[in-house]
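Listed in TrEMBL for this protein:
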type   : residues : note
DOMAIN : 133-200  : domain 'MucBP'
DOMAIN : 206-271  : domain 'MucBP'
DOMAIN : 277-345  : domain 'MucBP'
DOMAIN : 478-544  : domain 'DUF5776'
DOMAIN : 551-617  : domain 'DUF5776'
REGION : 347-372  : region 'Disordered'
SIGNAL : 1-28     : signal peptide
């Protein structure tokens, strides 16, 4: 009896052990597919639907469906390894949730129940881990390789980003234009190999700018060479025009703007030398001078005309000898002095003879009256115009700047022939400035300022002439009224001083600083703002603006952009990827000293400058 009880007890222990080995551990191994009973409530069901699915990165496909029939019971684990489609494997990085269980041994089980008889199990091609993207580096002109390709591998369906595979190649720069930029720089690994191509522009040939005397075809100034550029880089040689003593520019290159090319390019500015003067003299029949000679100045090759009324003078007591008119009354200036001579005949007044008559008593001769001094002074041939000035007119000696595009002219009557320089509309911080040295009016009565260019870093510096006095185009540089708040806008900031004449500096205020103003004071022909702390700062509108202006503090990139060392975006030193948040230190504009280019907005950031173009960056909150 005791032996029988002992046997029964041992059998119970053995059965429990077998049950634990067969199912109790999730890591247990079963040799073949089939049910494992775990519940007394097992009930046979018709079949279990098993879908093996594959996600190729764009769509999820069912590769195969298995219907397990027969000995399948609800509430049991069932191995499915034997049903895996040929050429595929389980996707252990994308596991299905319950009722699928994955064992460390690689076995996969499905739990069946009355309420769940369909399961989806993700799978991958056996070679899914060998998905690849090849990055090529090609010459943008010839499409020839210029660097060994780089390969990135991954798993089908996973995301890749090869933005960081842009490399620096000597004598080349990455072509970031829209047509050349790879559209698939970010994507998804696929079963088929993919290629991402970066195109690079080769270093361009230099541009040489020559300065030649047109008549002699002789170099009159050292050439300028533009180097260290790349093919398709834009060039603008408008500002390469030189001011050469005793010469004037007579011909510019046809292509002042264009692109650098692979081959070197040469452009030439032609000049005419200042000619010897043409002297117009006035002689009588005895070759004696009867009027002050006049001088006509110009440049070699230019035409002169001494036959106008300005030079064919009407001389009291003389008549122009039309039989001896000069043959060189018109001509061209040359390197040799020329003389144009007008001859005059003295006028003779015939004396009427007195008829004889009866002599009478001689009369007392009349004593000639003493000539009177004219009360009205003689009017000179060129009248001096003293216009009545409107209230808005700038005081003589003050500084004005242009709000819009204006011209500088050699006379008050504006014309294309009289224009000596153009000044395009510039951002406020770089507007061109002029000192008003006088006033005049055109033939139609329009007021003009006589000015001197005081833009010390432009090609037109120190030029003199006439500009419009219209309030819509030209205004005083210095504020005339006090404002409670001002904001520093100069990219280099402004200084505060103890003295009204801006001496004894106390501190520096950066661009974007808002200052509180107590009053405005005049200093000579300029003005100063007196701050709440008693210090003086300039009231120059190019350096400060009225009110409290909120600066841009952060921008976010809309696409990959570069950072550059200079405000003209040269000397690239960093690449920012898309959606990068960048802190802004200040702002400036390109081509600050150009009189022909407006200039584009740049943001100053740590380490250099980036574009301010809204197609590439957007302002964001702190």
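Residue numbers in this text run from 1 along the chain shown.
Cβ atoms are placed via backbone N, Cα and C, with glycine included.
Under DSSP, residues within the domain 'DUF5776' (478-544) fall into helix, strand and coil as 0 helix, 35 strand, 32 coil. The domain 'DUF5776' (551-617): residue composition by secondary structure is 0 helix, 30 strand, 37 coil, according to DSSP. Within the domain 'MucBP' (206-271), the DSSP-based counts of helix, strand and coil residues read 3 helix, 35 strand, 28 coil. For the domain 'MucBP' (206-271), the mean pLDDT of the prediction comes to 94. Secondary structure of the domain 'MucBP' (277-345) per DSSP, as helix, strand and coil residue counts: 3 helix, 32 strand, 34 coil.
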